[in-house]
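Trainee: Dropping a structure here in structure tokens format, bear with me for questions.
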Amino acid sequence: MIRIGHGFDVHALGEARPLIIGGVKVPYHTGFIAHSDGDVVLHALTDALLGAVALGDIGKLFPDTDMQFKDIDSRILLREAFRRVKEKGYAVGNVDVTIIAQAPKMRPYIDAMRAVIAEDLQCGIDQVNVKATTTEKLGFTGRSEGIATEAVVLLVKA
């Protein structure tokens, strides 16, 4: 049996904090405005995992009203979601992530993001794809006001 999950996340840019995307620190003059570290890639992926096994979403499991998740490393959230996926008897078939951002440029960091995700999801790097695109300077991402991400995951019965 296979299951497919889809996730989406967006955060505004504007805080004086590190910009963490896909578990990787990306040099930039500003970071995400968020309750956690704001990692849009890992948040979208966490939602995709949870959705694939009908466990709700990131806000249900890790509400932004709970101070224990304030400034938390999103890798912790991803690993916990994946632990629950494994409890249901599934493993990752593959992951496909699309980052939507005008700036900063993601290409130099994509291989590191893939490695982080593969490690956290206990799969091969060849099962993880991360790509980035722009909106050709249209909308909030085009004005570099925020970054959005979509993620799709295919789970297979372990």
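Easy rule for this one: first residue shown is 1, then count along the chain.
Note: Cβ is positioned from N, Cα and C throughout, glycine not excepted.
Straight out of Swiss-Prot:
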BINDING   9-11, 35-36, 57-59, 62-66, 133-136, PHE140, ARG143  4-CDP-2-C-methyl-D-erythritol 2-phosphate binding site
BINDING   ASP9, HIS11, HIS43  divalent metal cation binding site
SITE      HIS35  site 'Transition state stabilizer'
SITE      THR134  site 'Transition state stabilizer'
Trainee: Any idea which of the binding-site residues HIS11, HIS35, HIS43, ARG143 has the thinnest Cβ neighbourhood at 10 Å?
Mentor: ARG143
Trainee: Taking the center of the Cβ atoms of ASP9, HIS11, HIS43 at the recorded divalent metal cation site, which other residues in this chain have a Cβ no more than 8 Å from that point?
Mentor: VAL10, PHE32, ALA34, GLY38, ASP39, VAL40, VAL41, LEU42, ALA44, ALA148, THR149
Trainee: In sequence order, which residues at least six apart in the same chain have a CB under 8 Å from the CB of THR134 (site 'Transition state stabilizer')?
Mentor: ILE100, ALA101, GLN102, THR141, GLY142
Trainee: Determine, to the nearest whole angstrom, how far the Cα atom of HIS43 (divalent metal cation binding site) is from the Cα atom of ASP9 (4-CDP-2-C-methyl-D-erythritol 2-phosphate binding site).
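Mentor: That comes out at 6 Å between the alpha carbons.
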Trainee: What does the structure give for the C-alpha distance between THR135 (4-CDP-2-C-methyl-D-erythritol 2-phosphate binding site) and HIS11 (divalent metal cation binding site)? Integer Å is fine.
Mentor: 16
Trainee: In the three-state scheme derived from DSSP, which category covers HIS11 (divalent metal cation binding site)?
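Mentor: SS state of HIS11 (divalent metal cation binding site) = strand.
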Trainee: Measuring CB to CB from ILE58 (4-CDP-2-C-methyl-D-erythritol 2-phosphate binding site), give everything in the same chain under 8 Å that is also at least six residues away in sequence.
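Mentor: Correct list: GLY7, ASP9, HIS43, THR46, ASP47, LEU50, LEU77, ALA81.
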Trainee: Looking only at C-alpha atoms, tell me how far ARG143 (4-CDP-2-C-methyl-D-erythritol 2-phosphate binding site) is from HIS11 (divalent metal cation binding site), rounded to the nearest Å.
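Mentor: Roughly 13 Å, rounded to the nearest whole number.
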Trainee: If H, G and I count as helix, E and B as strand, and all else as coil, what does DSSP give for HIS43 (divalent metal cation binding site)?
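Mentor: DSSP assigns HIS43 (divalent metal cation binding site) to helix.
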Trainee: Using a 10 Å radius around its CB, how many other CB atoms surround PRO63 (4-CDP-2-C-methyl-D-erythritol 2-phosphate binding site)?
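Mentor: PRO63 (4-CDP-2-C-methyl-D-erythritol 2-phosphate binding site): 11 neighbouring Cβ atoms within 10 Å.
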Trainee: To which of the binding-site residues ASP9, THR135 does the lowest count of other Cβ atoms within 10 Å belong?
Mentor: THR135
Trainee: What three-state secondary structure does DSSP assign to ILE58 (4-CDP-2-C-methyl-D-erythritol 2-phosphate binding site)?
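Mentor: Looking at the DSSP assignment, ILE58 (4-CDP-2-C-methyl-D-erythritol 2-phosphate binding site) belongs to a helix.
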Trainee: Expressed to the nearest Å, what is the distance separating PRO63 (4-CDP-2-C-methyl-D-erythritol 2-phosphate binding site) and HIS11 (divalent metal cation binding site) at their Cα atoms?
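Mentor: The Cα atom of PRO63 (4-CDP-2-C-methyl-D-erythritol 2-phosphate binding site) is 15 Å away from the Cα atom of HIS11 (divalent metal cation binding site).
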